[in-house]
Every structure is written in C-alpha cells, then in structure tokens.
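Chemist: First, the structure itself, so that you have it in front of you.
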Amino acid sequence: MAFIVGLTGGIASGKSTVSKLLEKRGFTIVDADIAARKVVEPGESAYSEIVEAFGKEILLKDGTLDRDKLGSIVFQNEEERQKLNGIVHPAVRKKMKEWQEEAIKAGKQTVVLDIPLLYESKLTHLVEKVIVVYVNEETQLKRLMERNEFTEDEAKSRISSQMPLREKLELADAVLDNNGTIEETEKQLDQLIEKWKLKP
Ligand SMILES: CC(C)(COP(=O)(O)OP(=O)(O)OC[C@H]1O[C@@H](n2cnc3c(N)ncnc32)[C@H](O)[C@@H]1O)[C@@H](O)C(=O)NCCC(=O)NCCS
Ligand SMILES: Nc1ncnc2c1ncn2[C@@H]1O[C@H](COP(=O)(O)OP(=O)(O)OP(=O)(O)O)[C@@H](O)[C@H]1O
C-alpha cells in the first residue's frame with residue numbers, strides 16, 4: 001500500500017519549492033493548487049457554479065476566470081471566500097483522489113499531497129504524516145510580495161485568510177525550516193526522506 005504524505009505550510013512558505021525538490025527525487029506530487037486550477041476551467045461544473053455565484057464580471061475576455069479579480073474579492077471578504085471554497089473544494093478533493101489512485105495503480109510507494117489548506121480544511125485523515133514548510137512572518141510577507149508583486153495589504157490579506165503558520169508547527173509530524181537557502185531546505189528534506197525511509 002502506498003504511503004500518503006501531506007505537504008503544507010502557509011502561502012509562499014515554500015510548498016511548491018519543496019514539491020519540485022521531491023519531484024527531482026522521483027516522488028509523485030498531487031498538487032491541490034493545480035487541481036484547483038483544473039476544476040475551474042470552462043466546461044467544468046465548478047466553473048458554471050462560480051459564474052452563477054459571482055457573476056460574469058469575474059471572467060476574462062476569453063471566458064476563463066479572472067483570478068486577480070476573484071482573488072481581490074475573496075481575500076477581502078470571509079463570506080465570499082467561504083462561498084468560493086464551498087464550490088471549489090469538493091471538486092478539488094475529487095480530482096486529487098483520482099490522481100492519487102492513478103499514482104497508486106502505477107505502483108508508486110509514496111504519494112505526496114501538496115495541500116495549502118490541509119489543516120484549515122481538516123484533511124489530515126487523508127494522510128499518514130504531515131510535513132510543514134515553515135518560514136517566519138517577515139520572510140513569508142517579503143517572499144509573497146516579491147513573487148506576486150502584491151502590496152503589503154494584499155499580501156497580508158492572503159496570509160491572514162489562513163491558520164497562522166506558527167500554529168501549524170505544533171501540528172506537524174516534521175518541519176522543514178525554509179527561512180534559509182533552498183540548499184539548506186534540501187538538506188533537511190534529504191534527512192527526512194532518510195528518516196521516514198520514503199521511497200518513490
Ligand atoms: C482565489 C483564487 C482564484 C486566486 O487565484 P491565484 O492564482 O491568485 O492564487 P492561487 O490559486 O495560485 O493560490 C495561491 C495560494 O493562495 C492561497 N489560497 C488560495 N485559495 C485560498 C483560500 N480559499 N483560502 C486561503 N488561502 C488560499 C494558497 O496558499 C495558495 O497556494 C484561487 O486561489 C482560488 O480559486 N482559491 C479557491 C480554491 C482554494 O482554496 N485553493 C487553495 C488550495 S485547495
Ligand atoms: N529558501 C528560499 N529562499 C529564497 N526564496 C525562496 C525559498 N523558498 C521559496 N522561495 C521563493 O519564495 C516564493 C514562495 O515559494 P513557493 O512558491 O514555493 O511557496 P508556496 O508555499 O508554494 O506558495 P503558495 O502557497 O502560493 O503555493 C517563490 O518565489 C519562491 O521562489
């Protein structure tokens with residue numbers, strides 16, 4: 001039976017960076033953010049539900065979601081965000097289950113579920129161990145602002161829409177401290193792969 005590992009953290013804490021390092025080592029990643037983009041494509045059921053709930057003004061000229069516009073709505077307003085989550089999350093869970101089953105059928109010994117909201121969405125029952133990618137608040141804010149070219153307010157509104165990252169530290173089975181260089185994170189990751197005897 002495959003070993004299912006949860007990978008989480010906070011926005012811009014380095015989950016995708018760690019996922020790429022795991023992929024380089026042959027591990028299969030099932031990425032919630034990728035699933036969340038897939039299930040809102042035109043023609044998918046979540047797409048029409050989102051248009052119905054938020055109106056056509058959250059669409060671009062080509063009919064796809066205006067992610068910036070929808071983001072600015074939902075990260076300023078908890079109720080709007082819960083409305084979007086209620087539409088997207090069930091479809092994301094279904095898509096991730098499909099991808100996980102495909103990986104298991106292909107004989108993978110480990111499957112890593114990269115889920116930003118693993119704790120917020122109470123999904124720890126889906127995994128056997130949880131890795132939290134940790135950065136301090138200052139580093140998180142700086143990297144998020146730099147990556148997305150957000151103002152401080154835009155970045156803070158996204159960060160505050162999640163459980164505080166330091167609280168996730170207490171819940172983790174393993175923590176990767178990503179405040180340093182990527183090489184330093186990579187070293188911690190290789191030690192963890194060894195400790196947990198993870199095989200791709
Ligand atoms: C609001 C949307 C359109 C903004 O798109 P955008 O391209 O700007 O961001 P992206 O999807 O790449 O997410 C970036 C990061 O934002 C954070 N985030 C995204 N959605 C949420 C949310 N509903 N609540 C808290 N944090 C979130 C996560 O850390 C995620 O890794 C998009 O994030 C979305 O559809 N969110 C709802 C689905 C969701 O909750 N996805 C997160 C994991 S399942
Ligand atoms: N150790 C590091 N040193 C410097 N920059 C880093 C480090 N780790 C990640 N970054 C950068 O910080 C930003 C956020 O990293 P990443 O995208 O991996 O975070 P994430 O947790 O996947 O974010 P999200 O929640 O949005 O998916 C990226 O621009 C990435 O290149």
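Just so you know, glycine gets a Cβ as well, placed from its N, Cα and C.
Just so you know, TrEMBL annotations never went through curation; they're auto-generated.
Okay, these came from TrEMBL:
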type: BINDING; residues: Ala12, Ser13, Gly14, Lys15, Ser16, Thr17; note: ATP binding site
type: COILED; residues: 134-195; note: coiled coil
Chemist: Counting Cβ atoms within 10 Å of each candidate's own Cβ, which of the binding-site residues Ser13, Ser16, Thr17 comes out highest?
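Modeler: That would be Ser13, with the highest Cβ count within 10 Å.
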Chemist: From the centroid of the CB atoms of Ala12, Ser13, Gly14, Lys15, Ser16, Thr17, the recorded ATP site, which same-chain residues not already listed sit within 8 A by their CB, in sequence order?
Modeler: Gly9, Val18, Val133, Asn178
